[in-house]
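Working notes, structure below.
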């Protein structure tokens, strides 16, 4: 097993690394992760998506390698589009307690179906 595979396999989402936000001003962090993949819980076929995260931090920010490893940890999991989006959103909201959080997952079309899931803290 190569070092990258080991990092992803051993990644514990509950230990996702966060850092103190040293800036008092209101600002938005935008992160795009274009290589999300998981397995369809029904067929086992791979699903691919681009993950868009936007948040206004309060006291914490997420470390970028940690979010990359977390997203990559879905690669061999059988999980629905809806569940993966909500799981990612819930973990980020729990760990960061941001002032605002928006998550969008734009899944590649498969079987003539294109799915986009959006979750917005301003609407919840």
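Heads up, the Cβ atoms here are built off N, Cα and C, so glycines get one too.
All protein chains included, residue 40 (active site, thioimide intermediate) registers 15 other Cβ atoms within 10 Å of its own Cβ. Annotation comment: Swiss-Prot describes 40 as active site, thioimide intermediate.
Other Cβ atoms within 10 Å of the Cβ of residue 47 (active site, proton donor) number 21 in total over all chains. Secondary structure at residue 47 (active site, proton donor), taken from DSSP and collapsed to helix, strand or coil, is strand. Swiss-Prot lists 47 with the feature active site, proton donor.
Secondary structure from DSSP puts residue 64 (substrate binding site) in a helix. Note: residue 64 (substrate binding site) has non-local neighbours 31, i.e. same-chain residues 6+ apart with C-beta under 8 A of its own C-beta. The feature substrate binding site is assigned by Swiss-Prot to 62, 63, 64, 81, 82.
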Other CB atoms, at most 10 A from the CB of residue 62 (substrate binding site): 22
Residue 81 (substrate binding site) CB neighbourhood, other CB atoms within 10 A: 18
